[in-house]
Amino acid sequence: MRLRVRLLKRTWPLEVPETEPTLGHLRSHLRQSLLCTWGYSSNTRFTITLNYKDPLTGDEETLASYGIVSGDLICLILQDDIPAPNIPSSTDSEHSSLQNNEQPSLATSSNQTSMQDEQPSDSFQGQAAQSGVWNDDSMLGPSQNFEAESIQDNAHMAEGTGFYPSEPMLCSESVEGQVPHSLETLYQSADCSDANDALIVLIHLLMLESGYIPQGTEAKALSMPEKWKLSGVYKLQYMHPLCEGSSATLTCVPLGNLIVVNATLKINNEIRSVKRLQLLPESFICKEKLGENVANIYKDLQKLSRLFKDQLVYPLLAFTRQALNLPDVFGLVVLPLELKLRIFRLLDVRSVLSLSAVCRDLFTASNDPLLWRFLYLRDFRDNTVRVQDTDWKELYRKRHIQRKESPKGRFVMLLPSSTHTIPFYPNPLHPRPFPSSRLPPGIIGGEYDQRPTLPYVGDPISSLIPGPGETPSQFPPLRPRFDPVGPLPGPNPILPGRGGPNDRFPFRPSRGRPTDGRLSFM
């Protein structure tokens, strides 16, 4: 049974696999899948209603006994006074994992808005925005035949542009009440018991953002390494792609209220101590909120990210390259991974693919799942809950081909305009019925600026009718007969009216009276 669940004026699909689901089954699926996806704790109390007024009780009762069938709208009312996450609309994308494609999760600091009775609308249909990403499919790799998605899956998708995920992608972008999804996934997988464990999880994520790779083949992208906590001492080992032949080890030792982080470097079986940093867990961890929403546990992530990377990570990386006798490098290639991702996500997909063909380092950075997840959520809208092992780059490629082959994306043929309705129009058919510019006439940079149409005063009939330049006429153009600078020597035989005082036909004698200056206005 497929249902629609509405919370805070936003709607999501929910699949209930049981044959005869009960209200308890529905409540269990809401806790396990949707609440965690929205950034709430699984212990959050809520009420299930159909109209925001009458709560449904009796977990043993089947949904059919309440008249609920597939496709109905289920409304949720939160009972806990907790901040509500900034959740996207029903046509927006579901946020899943940043690096190992975990299930989506959001956590923001928005206050919970009031519920209002609204007529349920079909949230699975949306208007597709006709906006292409690029015109050449050859840059996406060899073409493959993909099976078309089912009609039911397409019913839950609405394409659009201009949407950006509201969650922070890096720790340096975090604000109060918002943490990266990768930090939330790491914290949930680490089973933290105190503030020291939570701080080590954050340190591990900062090392991953800097481009360090956990040592060991079984280390996953968004899970803590094995044996990272032994006898109260934390030990993390890493390698960096820019420093091949070396390994770095972080040994974190609790010392009273502090945690001392010692960074050591191992090159050719020789261990060197490089940097040491002391951190106060209470400055970045809320002890009284451990086990609750991850967004409420961490604080001042921007400060810790700047402090940890500037005083330990980047000096360690520079010292490693110097110890390996590697030349100093500069430019985009040697920027930290987090800066590369922040630059790449500002580009269009075609530019990202072009950068991936430059060198191996840029190819590795441009294939980061975190980046392609961001690009997919930015350029498409998909409310489908994705599995953990989603290939975001391949999914982007598939959706791009699907949108390009859609008939909605075709351009409309522009036809020439009809004959002008004004009589004696000098040129009824414009010489270029298909303007080269997409801007309307009269806009700076449009067709009007490239070929301005000025009024032609040589013909008294069409002198006030704008045309595309000089047009042939039966009347000669108005030009000076003698001196182009001085006044005209005589009246113009073409234009009507009386001549001036210097014409061949002067004014009549005034019989001694002064000339009235008002005659020229009468």
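Just so you know, glycine gets a Cβ as well, placed from its N, Cα and C.
The feature region 'Ubiquitin-like' is assigned by Swiss-Prot to 1-88. Broken down by DSSP into helix, strand and coil, the region 'Ubiquitin-like' (1-88) contains 19 helix, 25 strand, 44 coil.
For 85-144 (among others), the entry in Swiss-Prot reads region 'Disordered'.
According to Swiss-Prot, the feature compositional bias 'Polar residues' maps to 87-133.
Taken from Swiss-Prot, the feature region 'Important for interaction with PINK1' applies to 92-129.
The feature region 'Important for interaction with CDK6' is assigned by Swiss-Prot to 129-169 (among others).
Marked as region 'Important for dimerization and interaction with PSMF1' by Swiss-Prot: 180-324.
Look at the domain 'F-box' (329-375): DSSP puts its residues at 30 helix, 0 strand, 17 coil. Positions annotated as domain 'F-box' by Swiss-Prot, on the basis of sequence analysis: 329-375.
Marked as region 'Important for interaction with CDK6' by Swiss-Prot: 381-522 (among others).
Per Swiss-Prot, omega-N-methylarginine is recorded for Arg432 (among others), and the stated evidence type is similarity to another entry.
According to Swiss-Prot, the feature omega-N-methylarginine maps to Arg451 (among others), an assignment based on similarity to another entry.
Annotation comment: Swiss-Prot describes 481-484 as motif 'RFDP motif'.
The region 'Disordered' feature in Swiss-Prot is assigned to 483-522 (among others).
Residues or ranges marked as asymmetric dimethylarginine by Swiss-Prot on the basis of similarity to another entry: Arg518.
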(message) When secondary structure is assigned with DSSP, how many helix, strand and coil residues does the region 'Important for dimerization and interaction with PSMF1' (180-324) contain?
(response) 58 helix, 43 strand, 44 coil
